[in-house]
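Before any comments, here is the structure.
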């Protein structure tokens, strides 16, 4: 028997945006012949036929059971709190892309049984759309404006428009709505301005903009010439510094050599011993020139003391020597002139 009837309009497919709310309709009418308990089930039919159906929510024996499907816990409910009124529609809140699938409403009241399927597609709105410029922004060059959305369900469509100056796009522009590229051939300064791109799909839109500034070509010859001149000047300054350093180094070397030569020409100082010996030698030579007649006074003076090497010391620092007894030689036998050697007395004077 077909006493139970589902009256909701069949909607094979419903498209909604992510984050939105959707109502899956399922209304029905009972007849007097339906005497059994009312049973309403919503199930999710997997895309893989090998998998079993998943119960989402159920009304049975005057109670609602909604703990079967954890992925939708807290996000689904019956549209009417009392499905016995003939409304078994299902509300799903805060839709996610994973909610996409085929849903089936089953209404049972013995002996009547009816069901209805609905395909739900959750689409993602375009988001994080970015605009960019590719190519040289010079007069006569080809410039490409690019537009890409980081998020968004297909099919995405892109459209460019000019928002400053002339509203229409340049005559040489070529737009690809599928890729979001706008090619501007043989750009001129009139192409300069602000351009906006709108990305859209069946559930929403997103927008971005970019500033185009077409300028004359850069004078590359002048830049190269300036770089060469700057390099040559730098080398000249470096060479000047090297020459100055070498010259200063040679001057210092010359000064050291001259100073060393001057020190070598200075005679070394005489030692005390050599001074004493020269003094004694000079006295000997002077005495040797004397005649025997002049030697009388000198023969009487004993030469018992010989000057030491320290005879030049100050009187307070000289050491007193004990007179030594030396026999005077017989000068007449030797046939030589006696020579008196000066000695040092106790008070430091030369005798």
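Yeah, the Cβs are placed from backbone N, Cα and C, and that goes for glycine too.
What you see is a predicted model, and the numbers here were worked out from it, not measured in a lab.
Quick look at what TrEMBL annotates:
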| type | residues | note |
| --- | --- | --- |
| DOMAIN | 2-121 | domain 'Ig-like' |
| DOMAIN | 126-215 | domain 'Ig-like' |
| TRANSMEM | 223-246 | transmembrane segment |
| COMPBIAS | 258-267 | compositional bias 'Basic and acidic residues' |
| REGION | 258-323 | region 'Disordered' |
| COMPBIAS | 271-307 | compositional bias 'Polar residues' |
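Under DSSP, residues within the domain 'Ig-like' (126-215) fall into helix, strand and coil as 3 helix, 51 strand, 36 coil.
Counted with DSSP, the domain 'Ig-like' (2-121) comes out as 9 helix, 56 strand, 55 coil.
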